[in-house]
């Protein structure tokens, strides 16, 4: 398991309608994967780059 507990949270797009490419850690595949973030109400499993995601998770 990742050391950062936020990495275990589910991917969360959020209620806003922006379309920002972001990354989250998929605990099932054990990889950082891209998703489209809505721009607000994120959880701790939300990273601007794949590199940030890999460092954290």
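The backbone N, Cα and C atoms fix where each Cβ goes, glycine too.
Keep in mind it's a predicted model, so treat the numbers as computed, not measured.
Record features (Swiss-Prot):
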DISULFID  7-57  disulfide bond
DISULFID  16-40  disulfide bond
DISULFID  32-53  disulfide bond
DOMAIN    7-57  domain 'BPTI/Kunitz inhibitor'
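Feature map: Swiss-Prot annotations on the structure.
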residue: 7; record: disulfide bond; Cβ contacts under 8 Å, 6 or more apart: 25, 27, 44, 45, 56, 57
residue: 16; record: disulfide bond; Cβ contacts under 8 Å, 6 or more apart: 38, 39, 40, 41
residue: 32; record: disulfide bond; Cβ contacts under 8 Å, 6 or more apart: 23, 24, 25, 26, 47, 50, 53, 54, 57
Go through 40, 53, 57, the listed disulfide-bonded residues, and name the one with the sparsest Cβ surroundings, counting other Cβ atoms within 10 Å.
40
Give the mean pLDDT for the domain 'BPTI/Kunitz inhibitor' (7-57) on the 0 to 100 scale.
97
If H, G and I count as helix, E and B as strand, and all else as coil, what does DSSP give for residue 32 (disulfide bond)?
strand
